[in-house]
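**Q** Structure incoming, see below.
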Amino acid sequence: MVGEMETKENPNPTPDYLMQLMNDKKLMSSLPNFCGIFNHLERLLDEEISRVRKDMYNDTLNGSTEKRSAELPDAVGPIVQLQEKLYVPVKEYPDFNFVGRILGPRGLTAKQLEAETGCKIMVRGKGSMRDKKKEEQNRGKPNWEHLNEDLHVLITVEDAQNRAEIKLKRAVEEVKKLLVPAAEGEDSLKKMQLMELAILNGTYRDANIKSPALAFSLAATAQAAPRIITGPAPVLPPAALRTPTPAGPTIMPLIRQIQTAVMPNGTPHPTAAIVPPGPEAGLIYTPYEYPYTLAPATSILEYPIEPSGVLGAVATKVRRHDMRVHPYQRIVTADRAATGN
């Protein structure tokens, strides 16, 4: 009908939903221009976070059972202050971290208990401070007398007598549940605290990620699938570290066998005695020095070659008499000498 508001059920208190709420709150607090503007939005977000944490806490401790009604009677009489101490069994369980279990990550568990019961919950006594040096320094000082006592939980409440007694009784029952150590691997409260810490640190993994059980099932399915039997892969020879000796002709055709080599003055070349003429004589070729053997191929042609030599036989440099030794020296030829020019 028109004018009727559609009521929707609250989302289930799941870790994913709590992570989304925490991210929204962190985003709002990181925007300075919006701080203090959306007062109702911030209040509704805080209330939803408290509701989700309360439902998750109740499901963890009470086994997903409906908690008894938290309704309180009307106040009768003046405001009184009540308190009670619950000592922690550290002597029976010396290795158990009761302080971390009661406070929770960043004190969230203790704050949740305070919001539910309406009482103030504090951890006092020896070992209640994280900094042991600071605890020893404060021991014996005013307002630090509790450090001389054993580790305990102090519960205080201020309300009318009839209401204060009910609140204190509920808080004592909830704290006593925390003072009972759970077996390793079966502590649901510890798992919830670790999950909240991961959400606060931003390291919580979404539930949509494939679980290990599913991964194992997929691996088993892959192993059960038929496989194609193939022969062993051939073993390849190791790669050669050096280039093998070429089987074809040499790379430098300009270097040929030396047949005759005569000096300009007519005397035989010194290498002629070492390398005798004949088709069986030749140069020693090293196949692993390619960059050094290719370079002289072009420089050989820069020098004049005697007519008596063959192509490839390097001759000494001949002095040409028709060239000037000095740039300012005048060359006098036979024709000029006869004419006197």
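Cβ coordinates come from backbone N, Cα and C, glycine included.
Keep in mind the model is a prediction, meaning the values are calculated, not measured.
Per Swiss-Prot, domain 'KH' is recorded for 87-153. Annotation comment: Swiss-Prot describes Ser188 as phosphoserine. Taken from Swiss-Prot, the feature omega-N-methylarginine applies to Arg227, Arg242, Arg256. Here Swiss-Prot flags Arg242 as asymmetric dimethylarginine, drawing on similarity to another entry. Residues or ranges marked as region 'Qua1 domain' in Swiss-Prot (evidence: similarity to another entry): 11-82. According to Swiss-Prot, the region 'Qua2 domain' annotation covers 182-213, on the basis of similarity to another entry. The motif 'SH3-binding' annotation in Swiss-Prot covers 276-279. For 324-330, the entry in Swiss-Prot reads motif 'Nuclear localization signal', with the evidence type similarity to another entry. According to Swiss-Prot, the site 'Involved in RNA binding' annotation covers Asn97, Lys120, Arg124, Arg130, Lys190, Gln193.
Distances, neighbours, how buried they are, the whole picture for these features please.
**A** Every protein chain considered, the tally of other Cβ atoms within 10 Å of the Cβ of Ser188 (phosphoserine) stands at 12.
Mean model confidence for the region 'Qua1 domain' (11-82) is a pLDDT of 73.
Cβ environment of Asn97 (site 'Involved in RNA binding'): no same-chain residue six or more positions apart lies under 8 Å away.
Sequence-distant neighbours of Lys120 (site 'Involved in RNA binding') (same chain, six or more apart, CB under 8 Å from its CB) are Glu114, Ile155, Thr156, Val157, listed in sequence order.
In this view, Arg124 (site 'Involved in RNA binding') is surrounded by 18 other Cβ atoms within 10 Å of its Cβ, with every protein chain counted.
According to its DSSP assignment, Arg130 (site 'Involved in RNA binding') is coil. Counting only same-chain residues at least 6 apart in sequence, none has a Cβ under 8 Å from the Cβ of Arg130 (site 'Involved in RNA binding').
In the three-state DSSP scheme, Lys190 (site 'Involved in RNA binding') is classed as helix. Neighbour density for Lys190 (site 'Involved in RNA binding'): within 10 A of its CB lie 17 other CB atoms from the protein chains shown.
For Gln193 (site 'Involved in RNA binding'), the same-chain residues lying six or more positions away in sequence with a CB closer than 8 A to its CB are Gly100, Arg101, Gly104, Pro105, Leu108, Thr109.
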**Q** Do you know offhand how many angstrom separate Arg124 (site 'Involved in RNA binding') and Ser188 (phosphoserine) by C-alpha?
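**A** Approximately 25 Å lies between the Cα of Arg124 (site 'Involved in RNA binding') and that of Ser188 (phosphoserine).
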